[in-house]
Amino acid sequence: MTARNSASIPTSIRKTSENEVSGDETPAGVGNLSTKTASKTSLTFRQSSSDESTSSYSGNHHNINIQHHPNRPFRTNSSSFSPNDYSISESPSKSKKDGVHVSAVQLDNETDSEVESEVEELERELEAIEDSVYPEVRAAVNPTDDVNLPVNTWRTWVLTTIFVIVFAAVNQFFSLRYPALSISFIVAQLILFPLGKLLNLLPNWKIGYGRFSFYLNSSPFNVKEHAAITIAVSLTSSTAYATNILSAQTSFYKQNLSWGYKILIVLTSQMLGYGFAGLTRRWIVYPAAMIWPQTLVSTVLFRTLHGNSGNDIGVLKNNRISANGWTISRYRFFAYVMIGSFVFYWFPGFIFKGLSYFTVLCWIWPKNRVVNQLFGYNSGLGILPLTFDWQQVVYNSNPLASPWWVICNTFGSVVLIFWIVVPILYYKGVWFSNYLPMLSSSTFDHTGVSYNSSRVLNSDYSFNHTKYESYSPLYMPMSYSMSTALNFAAVTAIFTHCALYNGKDIWQRLWKESGKDECIHRKLMRNYKEAPQWWYATLFIVVFGLTIFTVRYYDTQCPVWALIVALLIFIVNFIPQGVLEGITNQHVGLNIITELIGGYILPGKPLANLMIKLYGFIPMRQGLEFSRDLKLAQYMKIPPRILFFVQLFATILGGITQVAVQEWMNYHIPGICTTSQSNGFTCPNGRSIYNASLIWGAIGPAKMFSKGKPYYPLIFFFLIGAVAPFITWGLRKRFPKSWIGKLNAPVLFTGPGNIPPATGINYSSWAIVGFIFNYVIRKRAIHWWRKYNYVLAAAMDSGVAVAGVVIFLCVSYPGGKITWWGNTVYTKTYDWKSVPYRSLGPNETFGYTNW
């Protein structure tokens, strides 16, 4: 079947398939990376005129309603119509009779044989047009492409350069501050639209000479340029993890580091995963089942800003397209919601912060320990409370872009593990946890205060066993212990799950890129030259060589063999993790497992533990973000070769910018990274990484997880994770239509992975929003859901992102604040003060007598 571009299709088309994959019935792509082709469609044809009347056509493939202009002559009971006079939108099918019958219209100047031929030609046109079998993708992505839209323009490169430098610099600057500010790439996506349109006013002058010349305004700013620049900014707007390690090394380990080391460690850790992402495209980017749900929000925002795409979703009523009674355009809907989101966020974000931490029961009983531990937000489990802060709702992911079955698995796991099991173990005093806060990501000593790792180290940061015995073992809060256990289970579960559910397709795609079936969006991308595999292989080899040079030439305590172990961690996890995230929006963090392995293979070497964590975790995380953007580029039909160079350029430029900004701050901000820094530049991320490196690298996991040690039982969760997918797979085979058949082991284990520091309040609000929109509305008002759901997600994110930046830069950072009950009530509770269930008296300790 031939893929078609928009120039050859005078209509916009939506199809509803009888055997499409539905998010309410089957977890998208859980069993197969391939897709199935829709067999029957239901269509409506309408003319753009405001004065129209209706006719209908039904047949074994299509049910078609025809709107025609009243000023055109026609005869009823004819056999066909002229397809060039009409555009297409969706309508529910009302007839499935065999054969073809048209109950309306023939133009007076056509013969029966001519219109008969036109019907056959139109049917061939319709059969040639495909769309995704996934309703989420159909609602967000056009199944067409305009190959004539330019991407490799001066606007793309100049705006990419400016936005990458600005976003990388600003986010790096404020990342060293507490509270921090992070400007999301969605802000760039919004600013780029009016700025690009403004550039359309430039004269079309010729700049340069010969082959090095270009025209200043040869074509209007288009959606593909917009998408390419946004993708570049998204890769670099968040702070590189390696810069936090640099903070730990310079400010806490007191190392003098060269510019060369700083640039190399940032770029190698950021780019090592890019090459592997390119080499694995056939598994985690190309398949239709790899939806990458979060990209759909960006896709809809692009479509909404650049035209009226999607406004034809619905049914024709009173000469207007109605989506379950709503006729407002996507653009106006986006504008209204974004403005409302911007205005409302000022309340939970500044005026009445209690709306963000809406733990009313804790406000009523501020000194009741049990109430605060069960229903609190800061150190409690967050049972029942709601939040009116959209940032809290989307803390885990955007619920409007998360499949309902994923939300069910995740929230069910939170309820079972953190709302039932954790309180039982906590109040029984397992591991003396009731002397610690119910929820915290910190480690503690036997007096209930944060563990002071410097008390068990020598001056060279090596472990001193005598000091350790005279001080205290490490104790983890119960929530932290269970989060660690779930992480262990998730790491092994994804391998078993991937083998059972996707193993056959992964093996087939090893030999044939396209697999059993191919998505229409992948087919349309064949209009462009692909970035070849050897480009990505070369990139991986070059960066791998630079990584070896970095750990060998500089003092990192990390031998090459240990580096290779770290790289193997990310390599073997990449495809299973990519499949999981591409389908579910969830991923398994490898930070704990890399620290665990690093602590066992290189005990007593905290700097080496940093390197193992950096190169075992970050290349996979960055590589999967690269893969996500490759999928977004596929949806937006951006030429792969141009995108390849744009992404590399942006990453290198952003990395150097972040290093330069951090270096400037080290020399120009007095007292940086100290707790007494007057402007809050205390380097909280660097301090956290430093403490983690001492705990996992210097003290080591052997003191916690080896046989005979307190947390040894958690190791068995590796086995539990490996076995659990067999159970869920068996249930799916036995009960394919029941909810029990939709249980997904990796999601059950990794879904609650943000606890701590997230709490139940983040998950309960997330689940409620997901239930309303991705279950109730999707089931009862499918046209509304398809037309507005992802627009709503983009508008809410956009309004909050812009409001957050304005509040921080214009009000909070200069020192503005409002002191009243609504901004202080939540801070006067035991929850906010992290009070444990059991308290110690002066000079009292708890815990084991021998460790």
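For all residues, glycine too, the Cβ spot is worked out from N, Cα and C.
Copied over from Swiss-Prot, here are the features:
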type: COILED; residues: 105-134; note: coiled coil
type: COMPBIAS; residues: 1-14; note: compositional bias 'Polar residues'
type: COMPBIAS; residues: 33-68; note: compositional bias 'Low complexity'
type: COMPBIAS; residues: 74-92; note: compositional bias 'Polar residues'
type: CARBOHYD; residues: Asn32; note: N-linked glycosylation site
type: CARBOHYD; residues: Asn77; note: N-linked glycosylation site
type: CARBOHYD; residues: Asn109; note: N-linked glycosylation site
type: CARBOHYD; residues: Asn256; note: N-linked glycosylation site
type: CARBOHYD; residues: Asn452; note: N-linked glycosylation site
type: CARBOHYD; residues: Asn464; note: N-linked glycosylation site
type: CARBOHYD; residues: Asn691; note: N-linked glycosylation site
type: CARBOHYD; residues: Asn843; note: N-linked glycosylation site
type: MOD_RES; residues: Ser93; note: phosphoserine
type: REGION; residues: 1-116; note: region 'Disordered'
type: TRANSMEM; residues: 156-176; note: transmembrane segment
type: TRANSMEM; residues: 179-199; note: transmembrane segment
type: TRANSMEM; residues: 259-279; note: transmembrane segment
type: TRANSMEM; residues: 282-302; note: transmembrane segment
type: TRANSMEM; residues: 333-353; note: transmembrane segment
type: TRANSMEM; residues: 480-500; note: transmembrane segment
type: TRANSMEM; residues: 531-551; note: transmembrane segment
type: TRANSMEM; residues: 560-580; note: transmembrane segment
type: TRANSMEM; residues: 592-612; note: transmembrane segment
type: TRANSMEM; residues: 642-662; note: transmembrane segment
type: TRANSMEM; residues: 711-731; note: transmembrane segment
type: TRANSMEM; residues: 757-777; note: transmembrane segment
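Taking the C-alpha atom of Asn843 (N-linked glycosylation site) as reference, the shortest distance to any of the glycosylation sites Asn452, Asn464, Asn691 belongs to Asn452. Note on proximity: among Asn256, Asn464, Asn691, the glycosylation sites of the record, the Cα nearest Asn452 (N-linked glycosylation site) is that of Asn691.
Only residues 6 or more beyond the boundaries of the transmembrane segment (757-777), in the same chain, are considered here, and those with a CB under 8 A from a CB of the stretch are 23-24, 357-359, 376-378, 380-387, 392-397, 399-400, 402-404, 407, 410-411, 414, 418-419, 439, 441, 784-785, 789, 792. Among the listed stretches 480-500, 531-551, 592-612, the one sharing the most Cβ pairs under 8 Å with the transmembrane segment (560-580) is 592-612. Counting in whole angstrom, Asn464 (N-linked glycosylation site) lies 16 from Asn691 (N-linked glycosylation site) by their C-alpha atoms. A simple way to gauge crowding: the CB of Asn843 (N-linked glycosylation site) has 6 other CB atoms within 10 angstroms, across all the protein chains here. DSSP assigns Asn843 (N-linked glycosylation site) to coil in the three-state reduction, outside any helix or strand. Over the coiled coil (105-134), the average per-residue pLDDT in this prediction is 57. For the pair Asn691 (N-linked glycosylation site) and Asn256 (N-linked glycosylation site), the Cα-Cα distance reads 19 Å. Annotation: stretch 711-731 has the most Cβ pairs under 8 Å to the transmembrane segment (480-500), among 179-199, 259-279, 592-612, 642-662, 711-731. With a cut-off of 8 Å between Cβ atoms, the residues of this chain six or more beyond the transmembrane segment (282-302) that come close are 28-29, 32-35, 132-134, 136-137, 139-141, 186, 189, 223, 226-227, 230, 310, 330, 334, 397-398, 400-403, 505-506, 509, 513-515, 517-519, 521-522, 575, 578-579, 581-585, 624, 627-632, 634-636, 790-791, 793-794, 797-798.
Sequence-distant contacts of the transmembrane segment (179-199) (same chain, six or more residues past either end, CB-CB distance under 8 Å): 155, 159, 163, 167, 170-171, 217, 221, 225-226, 229-230, 233-234, 237-239, 298, 301-302, 305-306, 680, 684, 794, 797-798, 801-802, 804-805, 808-809, 813. Cβ atoms under 8 Å from those of the transmembrane segment (711-731) belong to residues 431, 476, 481, 484-486, 488-493, 495-497, 500-501, 704-705, 740-741, 743-746, 748-749 of the same chain, restricted to positions at least 6 beyond its ends. Burial estimate for the glycosylation sites (Asn256, Asn452, Asn464, Asn691): highest at Asn691, by number of other CB atoms within 10 Å.
For the transmembrane segment (592-612), the list of distant contacts is 245, 248-249, 253, 461-463, 484, 487-488, 491, 551, 555-559, 562-563, 565-566, 569, 689, 692-694, 696-698, 700-702, 705: same-chain residues at least six beyond its ends, Cβ to Cβ under 8 Å.
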